[in-house]
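Structure first, commentary second.
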Amino acid sequence: MRNEMMYRPVVKPELVAFLRNEQKQLSGELGQIEKEANENEVPIIPHETVVFMQFLLGQIKPKQVLEIGTALGFSSSLMAQYVGEDGHVTTIDRFDVMIRKAKKTYKRLGLEDRVTLLEGQAADILPELTGPYDFIFMDSAKSKYIEFLPECLRLLKKGGVLMVDDIFQGGTILDPIEEIPRNRRTIHRKLKRFLDVINSHPDLTTSLVPLGDGIALITKEADEVIIEPAE
Ligand SMILES: C[S@@+](CC[C@H](N)C(=O)[O-])C[C@H]1O[C@@H](n2cnc3c(N)ncnc32)[C@H](O)[C@@H]1O
């Protein structure tokens, strides 16, 4: 018999509001920074993703963390709370306005020793890093996810977790390409290819989570993971 629950949208707007407003809020300065970013519409992870990340990092207890996409330094500051005295967060951003804001954030939170901000294009910086990282958070230009994936997997330790934000394109990722506006087709195709790869690769275990605009959690099951170029 058909299970009707399978055919209903899982995340109703009122449920999103519940996840966002009723789960534990951040206290202190970091909570203030989250509030200010949301008021000023700076794109930071939504609160349901904050809570999820706190839970996840509390379990994983990573020491070395890498982030692609710093913005004003909110999620990197959150992650810095989970790496301990001997851990470190490295984060990458290319946008000078955000870089200035992120530096202020780290100063405000006293995190200057625990976070390193690398300034420039991730495509240039990633090949220079050696890792390994226990946890990588990719939250940058969506069209680049497929291009950055091999570098992220090279830098991730075996058993480590790669978390990727905003993978559903506001839910349009399942729409046929003809229904996607022409100027969004490249990003649509590249994101679809990214999802195909992470969902089918034999050396990756992936779980897609419908929080925010969708999160992918990817674990690396082999020392070396090769991603074949698209035909
Ligand atoms: C969504 S925001 C990051 C939000 C942040 N992770 C948070 O939740 O606090 C994306 C950031 O990625 C940066 N970015 C996008 N593509 C990039 C690239 N190719 N190289 C470096 N930075 C990039 C943008 O400048 C922007 O500040």
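Keep in mind that glycine also has a Cβ here, set from the backbone N, Cα and C atoms.
Whatever TrEMBL says is automated annotation, not expert-curated.
For the recorded site, Asp93 (S-adenosyl-L-methionine binding site), the DSSP three-state label reads strand. The S-adenosyl-L-methionine binding site annotation in TrEMBL covers Ile45, Ser75, Asp93, Asp139.
The Cβ of Asp139 (S-adenosyl-L-methionine binding site) lies under 8 Å from the Cβ of Ile45, Glu67, Ile68, Gly69, Ser75, Val164, Asp165, Asp166, each of these being in the same chain and 6 or more residues away along the sequence. Neighbouring residues of the recorded S-adenosyl-L-methionine site, listed in sequence order and excluding Ile45, Ser75, Asp93, Asp139, comprise Ile44, Glu67, Gly69, Thr70, Ala71, Phe74, Ser76, Thr91, Phe137, Asp165 (Cβ within 8 Å of the Cβ centroid).
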